[in-house]
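Notes to accompany the following structure.
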Amino acid sequence: MGRNVLASSLQNASFSIIFQIICRCITFAINAFIVRSVGREVLGITNVRLLLLESTLLFLSKEAIIRSALSSRHNKQCSWAQLINQLWITVPVCFTLAIPCLYIWLNWLSTVDAMYAEQYRFGCFAIAFACIIELTAEAPIFVGQVFCFVKLKVILDTGHIFIRSFIFIAIVLLNKDITIYAFGIAQITSACTIIAGNYAFYYFYIPKLLRYRDELKKVEDKYILREKYGQRYENMDDFPFVSVRQMLPGVLPNPHSVFNSDLQLLVLSFAKQGILKQVLTEGEKYVMSVSPVLTFSEQATYDVVNNMGSLAARFIFRPIEDSSYFYFTQSIARDTSLVEQNRETVQEASDVLAYVLKTVTSIGLLAFVFAQSYSGTVLLLYGGADFVEGGLPEVLLRWHSLAIVLLAPNGITEGYMFATNTAKQIDTYNYYMAFFSVTFLLLSYQLTNWFGPVGFILANCCNMSFRIGYSVFYINKHFHPVGMMSPLRKALPGPMYLSVLVVCGIACKVSESYFGNRSILCHLFVGALCTALSVATWSFENRQLLRTGLARYRARKLSLTTDNSPLAAEGDR
């Protein structure tokens, strides 16, 4: 197999960041439209209550199965037929989970205003149906991820976001009174788009791949066929499918049992962990929904500020986390000690972990410093004077920047830990996750009663601190037998960058006090200069890292133009 996992991971991260930016820009525009035209209560129902139902169903149905399947590369006893069968379990699992979830969402959670009750009921059923049918596309999505079809994922994801947004806005513009109906219809349509797009690609790709293989037998140099077929068919000798039908359960020839027992055990371990992780990820929304701590209007305000504060996580941290997890699962064997693995591969993984941690931590600190001076300005430009009246949104965004500092390393360290844990270690961590979950919920409820919506953010900070501490302990212990320096020792930003951040933070606070009520443009100009200075300082301090990355990028670009490139087939995937 000639695919380069690190190169594909980096490409996936870069494309995912672009996709996240497009997605969040569209979402922000839609949210601003709803806040200004329809009302915050509707936004609270759709973005908090209904999206929480979607997140719950999709996460609990597929997260454990996908994570365990990605680790199957190192399990020689796990066949593709068993993987496909395993992926299709997500559909009945989602259907089974939808029944109790719908009952809870319709009967147990805090009530919706009578004028929205019927629309809310339709929205719940629409979300559940969309989740069930969307999971029928998990098999081709997984195949695309394993075989590094990075551009396919980005194109299809971007396409379904645009279609969903277009349908939603078109219906709302026709009648603003049916916004929740429009939301449910748009979700179902986007799910159908995901299914059609993924299966259609392989319907046309597989026959052409088979013709390529037939012609390849008749030529001595496979690169002769590049001009005719392009690069996406090269290095695909291990592609196991000869028909798109084989992505359905029970169709691909399978000499073994229907399911792999080792994979099943790993799925169960991740499933236990998934429930706890979902509580930790969406805990504040569960607290909002179960107890009348905040009204739907207040929930919408918190959600808008939370989404704005999570821009770095959604745009940068999450794509990097996903790509890093994929890279680590493909590079480090889960059930083998690092001492017994290839030392060069282990060293590369250590360097990647250190550099990624340094980068995301630097970004988190940058966001924290500038949020102290620009939270009010950004919220004013986004929601208008009425939205920021009272000062609560600004306070929430400033506190959320502290959570970003902790969120940055948490995702990467946990990603490495989950990618290299054995099933037994995952089970052990589940007990800690249970403790973290219970502690988080108790802190969320109590701190919210004391500090209002800020309590949710403080509870999140405590939770992430616990999780980072556990991950750091695991990583140090994991690398200790190899005799290498712990990658965490190279993961902290340098003193020059930290010093410049302090100076820039003071300068921006002075600018806020002087220009805040006089000239927003001057205040933004000062922030832009300080940001440029901070980025330039970081680049200078990490110039060797940037040179290495640029050299690898140039080498990869050069390899795409040569005839003997192992990465040549990656460019169009």
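Each residue, glycine too, has its Cβ placed from N, Cα and C.
Taken from TrEMBL, the feature transmembrane segment applies to 12-35 (among others).
The transmembrane segment annotation in TrEMBL covers 87-108 (among others).
According to TrEMBL, the feature transmembrane segment maps to 120-142 (among others).
According to TrEMBL, the feature transmembrane segment maps to 180-205 (among others). Residues 42, 45-46, 50, 54, 116, 119-120, 122-123, 125-127, 129-131, 133-134, 136-137, 140-141, 143-144, 149, 152, 156, 159-161, 163-165, 167-168, 171-172, 232, 241, 244, 247 of the same chain lie 6+ residues outside the transmembrane segment (180-205) yet bring a C-beta within less than 8 angstroms of a C-beta in it.
Here TrEMBL flags 363-385 (among others) as transmembrane segment. Same-chain residues lying 6+ beyond the ends of the transmembrane segment (363-385) with a Cβ under 8 Å from its Cβ atoms: 28, 32, 35-36, 304-305, 308-309, 312, 316-317, 393-394, 397-398, 400-402, 404-409, 493, 498, 501-502, 504-505, 508-509, 511-512, 516, 520, 523-524, 527, 530-531, 534-535.
Annotation source TrEMBL lists transmembrane segment at 397-419 (among others).
If you look up TrEMBL, you'll see 431-448 (among others) marked as transmembrane segment.
If you look up TrEMBL, you'll see 496-514 (among others) marked as transmembrane segment.
If you look up TrEMBL, you'll see 520-540 (among others) marked as transmembrane segment.
Using a Cβ-Cβ cut-off under 8 Å and counting only residues 6 or more beyond its ends in the same chain, the transmembrane segment (520-540) has close neighbours at 362, 366, 369-370, 373-374, 377, 380-381, 493-494, 496-497, 500-501, 504, 507-508, 511-512, 546.
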